[in-house]
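Have a look at the structure below before the remarks.
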Amino acid sequence: MTLQQEIIQALGAKPHINPEEEIRRSVDFLKAYLKTYPFLKSLVLGISGGQDSTLAGKLSQMAIAELREETGDNALQFIAVRLPYGVQADEQDCQDAIAFIQPDRVLTVNIKGAVLASEQALREAGIELSDFVRGNEKARERMKAQYSIAGMTHGVVVGTDHAAEAITGFFTKYGDGGTDINPLHRLNKRQGKQLLAALGCPEHLYKKVPTADLEDDRPSLPDEAALGVTYDNIDDYLEGKTLDPAIAKTIEGWYVKTEHKRRLPITVFDDFWKR
């Protein structure tokens with residue numbers, strides 16, 4: 001088995017999908033989890049205004065609405081959380097995403113004060129954060145807020161991770177990567193767009209340039225610029241296509257380098273890191 005085949009198998013990626021079937025698969029998956037643990041009453045997700053959170057949010061709201069109708073349990077709710085750092089540059093996209101999702105409840109938690117307070121506490125301890133590490137601090141603060149909300153609403157935190165993100169480890173460890181349940185796992189980036197198109201999402205929400213927008217020194221840095229490859233390259237790789245060897249090597253390099261992000265904390269029984 002080649003490394004490409006190994007990666008495709010590990011991430012559950014497929015070269016072709018039926019969008020309607022995958023929508024139903026994700027919604028049923030979320031419903032089944034909540035039905036298995038009936039003490040759970042909410043799904044919680046941060047909404048950024050980008051493709052991934054818009055899709056995960058819509059699927060979550062659909063799951064909650066169906067389950068509420070099927071069970072008669074009106075305590076069930078989907079909570080969309082806005083988590084700006086100060087004022088978000090693409091705030092209108094966030095509002096458009098909320099309008100599309102139609103969540104049961106919307107909360108806004110501005111994380112800037114908490115991030116700055118944490119940075120100051122570290123500074124007083126003699127640690128000065130780099131801009132890159134501060135970006136990770138933002139991602140972790142966002143996740144901390146979501147878990148607090150989930151804890152107070154008997155909920156689980158929904159993730160936005162998908163195959164095209166997982167393969168490169170393009171997420172913050174214990175930040176946006178630290179979630180309870182990931183309904184998009186297996187899909188690549190272009191397949192996520194197909195699901196949103198099938199759901200009637202406004203095109204600008206899934207055709208915009210993807211950006212994590214975590215760094216102050218490089219605001220709105222495109223994901224593709226940070227990775228050195230395009231999402232089309234990554235999707236082609238996940239679909240089993242043959243790529244330019246240099247591009248394939250870059251993608252595989254990211255996969256190997258970030259393997260620790262896709263695993264539980266390393267123990268004496270692990271040897272993947274020796275690869």
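Heads up, the Cβ atoms here are built off N, Cα and C, so glycines get one too.
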Looking at ATP binding as recorded in Swiss-Prot, which candidate out of THR2, THR211, THR242 goes with GLY46, ILE47, SER48, GLY49, GLY50, GLN51, ASP52, SER53, THR160, LYS189?
THR211
What does Swiss-Prot list, out of ARG68, ARG140, ARG142, ARG218, as binding the same deamido-NAD(+) as TYR33, LYS173, ASP180, HIS260, LYS261?
ARG140
Cα distance (Å, whole number) from GLY50 (ATP binding site) to LYS261 (deamido-NAD(+) binding site):
22
In the structure shown, which of the binding-site residues GLY46, GLY50 has the fewest Cβ neighbours within 10 Å?
GLY50
Which of these binding-site residues is closest to GLU165 (Mg(2+) binding site) if you go by CA atoms: TYR33, GLY46, SER48, ASP52, ARG140?
ASP52
